[in-house]
Amino acid sequence: MFWRTLNERNPNRVALRLALHRRRLTQVLSAAAVPAPQHRRFFLFPVSRTQKLGRFSSALHLRWLLGTDPEAQPRKKPETSKLLVMDHHLASDSPQVRPRWRKVAYGGMQPGFDDNHTDESFLEGMVMNANVVRRDMLKVMLDSVSISEYLCIVALVVLVWTYTLESTIDESRLLCIDVSLLVLGFLILLFTQEKISLSILVHHYFLNISFFIMGLYVLAPIYQTLTRSISSDSIWALTVSLLVIHLFLHDYSESTVNAPGALKNPALTSCISVNASVVASVFIASRLPSRLHVFAIMLFSLQVFLFGPLVTYCIKKYSFRLHLCFSISLMVVTLRFVYMLHCLLFVLLLSLLVFVNVVCPYWLIRIQEYKFEINGPWDEAKLCFAITD
């Protein structure tokens, strides 16, 4: 390979070398006196036919090397440069048809394009901020009233627990509060829900609640002695932690218990929230002195935590103005009772309500400016209807 490259670069050296080789071969041939194959020669010694053929082939080979045999000379190669030029002109005259790029997800590599090729039409279906909703400050503040309303409900439950543990509220008053809440809740459901009639309310709901109250009264002695071996400090710490979990995981958009006729099942977080509130109620009831106290406080807590969100949801669905009036009245009453209990707790609750109703809506409006959402054909398919079968 090296000699070929060197010879191609120096044609004069090639000619000089060939001339030297021919001269040497001529001297060798003349010294050996090899007879030419086309002339008849007479040999002094007997020569076999094989020797004659061998001499003839060697002489023929030497004549080919010397270039004297015109028939044995190699043929000239065709001029490839002209053929290449003709092929180039033919290729330039015929138009090259490039394959068209197709937008396929699982079609494999397309011929003529790289695997990571991005066409100009790839981003034609891109939509930016399609689902971004421009919110109004007043509307967000009105929607946050539901959160403040439920915070006040939980605060009232804690107030009843505190007054019951301090023996400020006895079991007879607590039972009167339970009956009043039960009747008021039934009346609100009856007037706000069109699907509920008086017969359905009496035969279905009243029967279920009767079984529920009887079971709760039977289990009251077990609740009373359930945490006797646990210290009171641990009970208070666990109760506060469970209430925080309950408030954090509660579904403020809908009711915990489905309204009549609803098909949607509650979420997992809602179930955890309800269970946390029930366990906290059991911990508080285990510190009460009598069985009737335990039954009354458990009935009150379960009514508020289980059926309170359903009642407030029905009020909000029936009339938003009625919902606002009820929520504001509940806030005022809760703040009044908390102030009677302790001034510091009043300041903390008022600060929490201001933070939820004013600071958080303003914060939400401000961070909407930095929201950037991209949608396109590459997104996953989403169902636009609910599957109820």
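Residue positions begin at 1 at the first shown residue.
Glycine is treated like the rest: Cβ placed from N, Cα and C.
It should be emphasised that the depicted structure is a prediction, and the values quoted were computed from it without experimental measurement.
As recorded in TrEMBL, the features of this protein are as follows:
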- 140-160: transmembrane segment (TRANSMEM)
- 172-192: transmembrane segment (TRANSMEM)
- 204-223: transmembrane segment (TRANSMEM)
- 235-253: transmembrane segment (TRANSMEM)
- 265-286: transmembrane segment (TRANSMEM)
- 292-315: transmembrane segment (TRANSMEM)
- 322-339: transmembrane segment (TRANSMEM)
- 345-365: transmembrane segment (TRANSMEM)
Does the structure show the transmembrane segment (292-315) and the transmembrane segment (140-160) touching, where I'm treating 3 or more Cβ pairs under 8 angstroms (sequence separation 6 or more) as a contact?
yes
Under an 8 Å Cβ to Cβ limit, what residues of the same chain, 6 or more beyond the ends of the transmembrane segment (265-286), are close to it?
161, 165, 220, 223-228, 235, 238-239, 242-243, 245-251, 256-258, 293-294, 297-298, 301-302, 305-306
Any contact between the transmembrane segment (345-365) and the transmembrane segment (235-253), i.e. 3 or more CB pairs below 8 Å with pairs at least 6 residues apart?
no
